[in-house]
């Protein structure tokens, strides 16, 4: 039979598969649609379907067909090409995106770049009306730990009053719900600015550590620091934060994000670990019960199986476990991966939601927790057997899904680990309810949909948690004098590296200048010979080389523009951004293969300087006013300048070179 004919008033639907949903989405792009006259005759089913589709589209927006700009009129018999107009949000949604910058017109080749960068994060105001008469719930958001409430839209844990009431009246209630801020961070990539006191995070952590002892033992403190931020600004504050009234059973220092750093020479991990030990001693932690120092990657899983084994060996000498650290150190990411490892009770992942993870500092606002499994002798034996079996496997013996996941992690980091689970809860086969009324209807009747049953949320029993030890995720301690405090959410996404850093090396003569975006600048003022400057920063931050005579003019013209990229927003943005302030630095070269020092431009990254032996260099480094500039001696990766390709003719740059990735606890076959 001929295909049914749609009414002429029905707009083409080819673009709906490309959109993100009827509400809050922007639908752009060209879509080829056949003329309506080609769609054949109409039938009873299609006559009933057309009003439903038209009504659904009319509620979103009255659509119009607009010829593609610059396109010629189609010839007879050819397919016409149209552009869907942008969707205008509802009034409540418009308020949520009032402060969002206008999107730039999509350009060829930009789609893949946006996928690489991740979702665009913009500041947004709280959407939805508060109800000041409703008291706080007393329950915590499962994403950030803040108390759920609907009385103050600018406070943590806010849920719009209408949603708050509907959740409260449901069978499950507010237990397991997330606040509006966590929902926007997870689903829309938007961050709400909250009115938090400056000492809020520190007070929450201090109060948690001074809780009464449980099990008659003090807590084990797991301090997580970002190895890219060495020297860690919060580590020296740890002794004062603990104080004599915190009876800690032990302190385990973990260096995170080692997957972002390339191996500049054999044994670089041992050298990084020794730098952590030295940092702990300099912070005054030599007298504290320092249990161990570890290197991990909470994102790719490197070193985490060893960390779990180390934590389980500390079971008998400690009570609960607290994750401590500065903002953006990766505590919530580590919390989530431990939640799905052998360190956690097997049923906990079905009961406890994952913590909200975001690049915006201060995502976690209160305590989150999961119960730790009791490492009995039988469980430790079964776990060791699993690890031995997995260590004998090669990459060719993995399943297609495991290979795909490993390749995904290899693109993000140099060091990759496989985190498995020995103790998993056996789930029963789900029972499918057969509803004949929902499946039997005549051609003249609309299908009837029975209401879907709400799945009951699982809860722990009393016996499961009465003697349990808990692992707590705490709010991050804010870093002072940090450049991230001056940036918007979108700028933070560009500055913080999320993929393996590819070193960029340049050879500069005296009188040349290196710009790292508009966040840092290094002038090579005096020296006898050329020197090498290796940039270790996010791959999305541009590096620009100039002469000393043109440097000021370039900054005035291009700061806030596309050439220097961050900050972004043009002249208006730069009016409120602090100026760059200089600091003179004198260095003495070691050799052409070993860097003498790192010039750390706050949290934007650092530049390793390599010069000829005994050569003296006079440099002038700039960072925004109010941020910290650190000269790190010895450098974190002293041989980083050797990781470079050939010289690019006519420029000061070398071609970039990315070292291969290494997979932990996997047998290598000798192939690369």
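Just so you know, glycine gets a Cβ as well, placed from its N, Cα and C.
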Ranges in play 377-404, 405-432, 433-460, with TrEMBL marking coiled coil at 377-404
In TrEMBL, which of the ranges 62-89, 90-117 has the region 'Disordered' annotation?
90-117
Averaging pLDDT over all residues of the domain 'G' (321-371) gives 76
DSSP says what for the domain 'NOA1/YqeH-like C-terminal' (533-633): how many helix, strand, coil residues?
21 helix, 45 strand, 35 coil
